[in-house]
2 protein chains.
Amino acid sequence: MASGRILVAQGGGPTAVINQSLAGVVLEARRFGHIERVYGARHGVRGIVDEDLVDLSQETRHHLEGVAATPSSALGSTRDKPDLAYCQEIFKVLRAHEIDHFFYIGGNDSSDTVRIVSEQAALAAYPLRCMHIPKTIDNDLVGNDHTPGFPSAARFVAQAFAGANLDNASLPGIYVGVVMGRHAGFLTAAAALGRKFADDGPHLVYLPERTFVLEHFLADVKAVYDRLGRCVVAVSEGIHDASGAPIATLLAKEVERDAHGNVQLSGTGALADLLCDEIKDKLKIKRVRGDTFGYLQRSFLGCVSDVDQREAREVGEKAVQYAVAGAQSGSVAIRRVGDYAVDYLLQPLEAVAGKTRVMEDEFITASGNDVTEAFRLYLRPLLGTGLPDAYRLRHNPVAKVLGTGSRG
Amino acid sequence: MASGRILVAQGGGPTAVINQSLAGVVLEARRFGHIERVYGARHGVRGIVDEDLVDLSQETRHHLEGVAATPSSALGSTRDKPDLAYCQEIFKVLRAHEIDHFFYIGGNDSSDTVRIVSEQAALAAYPLRCMHIPKTIDNDLVGNDHTPGFPSAARFVAQAFAGANLDNASLPGIYVGVVMGRHAGFLTAAAALGRKFADDGPHLVYLPERTFVLEHFLADVKAVYDRLGRCVVAVSEGIHDASGAPIATLLAKEVERDAHGNVQLSGTGALADLLCDEIKDKLKIKRVRGDTFGYLQRSFLGCVSDVDQREAREVGEKAVQYAVAGAQSGSVAIRRVGDYAVDYLLQPLEAVAGKTRVMEDEFITASGNDVTEAFRLYLRPLLGTGLPDAYRLRHNPVAKVLGTGSRG
């Protein structure tokens, strides 16, 4: 019955390691003699309905390894979310090309797409193995210890804040760095892993899991500034007021939404600028700088966790094993089984699709503006090996000869 | 006559390798038996007048190597620009501590500070060797092939655009990345080194060496978008209209100036947002994203050029050789003597101080929106070894079975 044709696609936002999963699928499939072809759809489900397919069977192993080590989605991605009619088009193409295994590498929204496609296939009595392969820098998939893509983005954020902290220590003032993460604060929280010394920033971390109150934020910043003469702040793009309205949209002229109904939060510096203006206006502090990490944090070429690379490869391999050898459909998940070691399991698509994990309470301090040691222990092994270290001069003061400087 | 006391300080914006120069000074000074002490001033000239000095002689070689590999100014920096009264305070402190060698690691403004201090020392008949050690990510010091700090920042920018290009290819649209560089476009131009394939971005590069005309910009973006369905743009924060007014300030509510009279261009996302709004409004393109690289490009922990590290170390060493062994004052400069090799020379302080190098015409295309092959040849060796590579899948299309997709 099985044709031995696989179709793989990539959906949602790119990551530094999503091509590892692609390579995992293609290379693992080669181990199975009856798999005659591995096709890739360009730009996710959009490429399926457009019959915009490429034959990955013609790729060399060596070249695939090069692609695997390259960030962003090599097949291209899409923000399309298939409805019933869209799915009927997908089936038409899958049937026409005699595809019997569909692998979709993506996050929340992509897993929901796989669920819908799988249900439509069942309704149409079409024999299709549907596998969702996890990927998201937001780390917001339920049933996973963490998701491929998050560790590398977290490493970027940690290294970025380690550097921003050094910069801020050199030229003191306020620094606000805005990090991606609509509903889940994991990536913003990763900023805390950039700390080494007790007085290192980020000194404050604001997450979408807690209500953002501007007055509290300003008081927090003032307290740190009064104590250290400087303050480094990590802020999630998804912070919101008590009503759930994103702070970012309080400023935006017009709100842009994608096909999933998500408000566009990235690709604009508005939130950082708003917060900096408030600090300047209300706290009368002069040197206030804001950066929005934007797309660099998910696609920077040259900042990747080797642990993330390995696991992203494995979820692709496991997907093929579950689907081709095991004749199952589902979503591959990562489970932590040691400090540090992982194993993989297959979840039902319904268990993952459309659900959002947020940071567990144990990861957030009672004050709501920092992360706990438990979070640091959770994240540290994911960042991988070879993290750059930061050294500071030891303080050996020279005795004053003149006394307090006249300009001091 | 010589007391054998050195004072070293760091001024202006931090870089990824400014501590290499600091280590170069301290470690090279140890070779000279009559140098009894190497002091560091905290936060540049501000630390001198405040007598906020540390004794670097007490640092171990091993620890100094760790500091050397850490980005940002380990001694702290300042934006202060000494006037006559300020310099008299500096002399008072230098004299009180019997300093006879003053090393200041910095850019344009810092070299001018060294010149003023040197002139004041001469007027006061105070025996002081004054050395300016070059540092700036802007690469805008005259008389230098390039300046330490620029190659590492350029590497960050090139890697960032290589990744942003991959991201943009995956989810097509317009991407605008704003890069530091007030008067000189070198760092923005480095974005072009992120290209590998002919259709890779950045497709357009806007530099402060050319007048920015919004209508031309929009026409350029439209032309690329019509051709490729996407467009990646590198823009200098310093772009200006025909009157010289920065495009960034056309938006800002209030303009912040530092002690040197420089308008604050960094630490705000306003320019990227302005340009993105114009593209959305005028070209009616929906997916338009802007990032402002901000402080990441000069302080990111973990992106550095090994060539830059080596040269930053050497300018520190050479400064000590010129001053201590040669009893000279001046500004250390880098000269290219091979492809690729450098040598160092000493310039008079007046030749460097307060002057600004901008990109040579041969580095900018006639169209004014890209760089030439000459620039790529100039920059490539500076980026160092081990640059990450980017691979894309080869295009092996699968023949359509159904014909053009009904939703295509």
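Heads up, the Cβ atoms here are built off N, Cα and C, so glycines get one too.
Keep in mind that this is a model prediction, so the values were computed, not measured.
Per TrEMBL, these features apply:
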DOMAIN    A:5-322  domain 'Phosphofructokinase'
BINDING   A:GLY13  diphosphate binding site
BINDING   A:ASN108  Mg(2+) binding site
SITE      A:ASP109  site 'Important for catalytic activity and substrate specificity'
SITE      A:LYS135  site 'Important for catalytic activity'
BINDING   A:THR136, A:ILE137, A:ASP138, A:MET180, A:GLY181, A:ARG182, A:GLU237, A:TYR295, A:LEU296, A:GLN297, A:ARG298  substrate binding site
ACT_SITE  A:ASP138  active site, proton acceptor
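Projection of TrEMBL feature records onto the structure.
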residue: A:GLY13; record: diphosphate binding site; Cβ contacts under 8 Å, 6 or more apart: A:SER77, A:GLY107, A:THR136, A:ILE137, A:ARG298
residue: A:ASN108; record: Mg(2+) binding site; Cβ contacts under 8 Å, 6 or more apart: A:GLY12, A:THR136, A:ASP138, A:ASP140, A:LEU141, A:ALA353, A:GLY354, A:LYS355, A:THR356
residue: A:LYS135; record: site 'Important for catalytic activity'; Cβ contacts under 8 Å, 6 or more apart: A:GLN10, A:GLY12, A:THR15, A:VAL17, A:ILE18, A:SER21, A:ILE105, A:GLY106, A:GLY107, A:SER110, A:THR147, A:PRO148, A:GLY149, A:ALA312
residue: A:GLY181; record: substrate binding site; Cβ contacts under 8 Å, 6 or more apart: A:ILE137, A:ASP138, A:ASP140, A:LEU187, A:THR188, A:PRO208, A:SER236, A:GLU237, A:GLY238
residue: A:LEU296; record: substrate binding site; Cβ contacts under 8 Å, 6 or more apart: A:PHE156
So, in DSSP terms, is A:ASP109 (site 'Important for catalytic activity and substrate specificity') helix, strand, or coil?
helix
Per-residue pLDDT averaged over the domain 'Phosphofructokinase' (A:5-322), given as an integer:
93
The one of A:ASP109, A:ASP138, A:GLU237 whose CB sees the fewest other CB atoms within 10 Å, among these recorded positions:
A:ASP109
Among A:ASN108, A:ASP109, A:LYS135, A:LEU296, A:ARG298 (the recorded positions), residues with Cβ under 8 Å to chain B, listed in sequence order:
A:LEU296, A:ARG298
Relative to the Cβ position of A:THR136 (substrate binding site), how many further Cβ atoms are located within 10 Å?
30
A:ARG298 (substrate binding site), number of other Cβ atoms within 10 Å:
28
Going by DSSP, is A:ARG298 (substrate binding site) part of a helix, a strand, or coil?
helix
